[in-house]
Amino acid sequence: MPTHLVWFRRDLRLQDNLALAAACRDASARVLALYISTPAQWQAHDMAPRQAAFISAQLNALQTALAEKGIPLLFHEVADFNASIETVKNVCRQHDVSHLFYNYQYEFNERQRDAAVEKTLPSVICEGFDDSVILAPGAVMTGNHEMYKVFTPFKNAWLKRLKEDIPPCVPAPKIRVSGALSTPLTPVSLNYPQQAFDAALFPVEENAVIAQLRQFCAQGADEYALRRDFPAVDGTSRLSASLATGGLSPRQCLHRLLAEQPQALDGGPGSVWLNELIWREFYRHLMTWYPALCKHQPFIRWTKRVAWQENPHYFQAWQKGETGYPIVDAAMRQLNATGWMHNRLRMITASFLVKDLLIDWRLGERYFMSQLIDGDLAANNGGWQWAASTGTDAAPYFRIFNPTTQGERFDRDGEFIRQWLPALRDIPGKAIHEPWRWAEKAGVVLDYPRPIVEHKQARIATLSAYEAARKGA
């Protein structure tokens, strides 16, 4: 009887899990599951404590779900990816594993680890799957067989390729012939700092996540284009955390969207949310093609020469939400308190750090990863490089958000700002976007800082720094 081992990583679900489905295809095989915790590696990768708590909860739910299918979950903890190579080898030897199944991860360290694992298992048949994307890296290329560097042509080619053959979702495995496990389960515990998260916003149980997806696609996807930019409105899917840890697959998102919004592939209702899924694909494909992106390197080489300011005071003010710009500060306090931030606010806060404070985007990238429950290297790096004008198809360097104008445009009446900045709750109407002006006129002393920089002057300094770097190219 063959023994099949499924190595779980960022794919913590039963439904539409390509590696798990392949491992369970042979009804006569004994199927085991493996998860390896690597705290030192996670620390090096700046994994957020809230994401660790989310993964821990998902693992325990996964262990229960697997047990009901008759599949035991083997849990091991080692320091880092290098140590995990030997762990996989030992598990395969101890359990006489004939086949190893896993879903690809596209980050540089993860790819090195997987290649090393396969080299240490010459007698084991290893099968990997492109599970975390809808179309595999390399499936969408230019006429010169190169990776697209601009999103819109990539999107058009991606949609054309998708329409030719939409990848199906695979069902959860059936219960094994041996039946469900009867032995009591030992709870999985991660030796990593953890912080509580809101399980109502970020459900753990697989069925609850699918219900969240169904509700959004049925009731929110068609109006997503109109509502997505306003942080006071519940207009986004909140599925990013489940996508980041693999509690949900992008194929599940695609199929549910098309079931509810069948015109999404042709620019109809739901197409704007589909665009966000394609951006996710774009950044993953880029990371596979350009591994330097995993090493904190800018895509546009001349931006390496930008003379960033080293100003710990400014950086800490940004981290704490004490910059004096209400929309920026409210957004950062939302991030610190919940581990999540609205996407429009991610753009605003990133732009402010880089182009108002002239602080290296990589510091912001790392801080976001250390806080985000939906931390994902490809998406986070892509977003930061877009905001910093260092990435492929990024905002041009001279595009600099005015933080006050952004607040007026996307939180006009200050509803979101008042939620997160209690010191400003009594400021009437639109005056909340420039509280220092209102305070001066009203003769009031606010428990809130004045702006740490003047935007117009900061804009001039940033343009000068970028232009100097570009001319040195």
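For all residues, glycine too, the Cβ spot is worked out from N, Cα and C.
In the record from Swiss-Prot, residues Thr236, Ser237, Arg238, Leu239, Ser240, Asp374, Gly375, Asp376 bind FAD; the candidate from Tyr224, Tyr397 listed for the same site is Tyr224. Looking up the ranges 100-107, 132-139, 276-283, 420-427 in Swiss-Prot, the one annotated as region 'Interaction with DNA' turns out to be 276-283. Sequence-remote contacts of a segment are chain residues at least 6 beyond its ends whose Cβ falls under 8 Å from one of its Cβ atoms, and for the region 'Interaction with DNA' (276-283) they are 133-135, 148, 151, 154-155, 158-159, 243, 250, 253-254, 378-379, 381-382. Comparing C-alpha positions, Asn109 ((6R)-5,10-methylene-5,6,7,8-tetrahydrofolate binding site) sits nearest to Asp376 among the recorded positions Leu239, Trp308, Trp361, Asp376, Trp384. Cα distances from Trp384 (site 'Electron transfer via tryptophanyl radical') to the binding-site residues Glu110, Leu239, Asp374, Gln406 are smallest for Asp374.
For the pair Glu110 ((6R)-5,10-methylene-5,6,7,8-tetrahydrofolate binding site) and Asp376 (FAD binding site), the C-alpha distance works out to 13 angstrom. Within the set Tyr224, Thr236, Ser237, Arg238, Leu239, Ser240, Asp374, Gly375, Asp376 that the record links to FAD, no two Cα atoms are more than 22 Å apart, and one pair reaches that distance. Each of the recorded sites Trp308, Trp361 was scored by the number of other CB atoms within 10 A of its CB, and the lowest score belongs to Trp308. Checked against Trp361 (site 'Electron transfer via tryptophanyl radical') by C-alpha proximity, the binding-site residues Tyr224, Arg228, Leu239, Asp374, Asp376 yield Asp376 as the nearest.
Counted within 10 Å of its Cβ, the other Cβ atoms near Trp384 (site 'Electron transfer via tryptophanyl radical') come to 27, all protein chains included.
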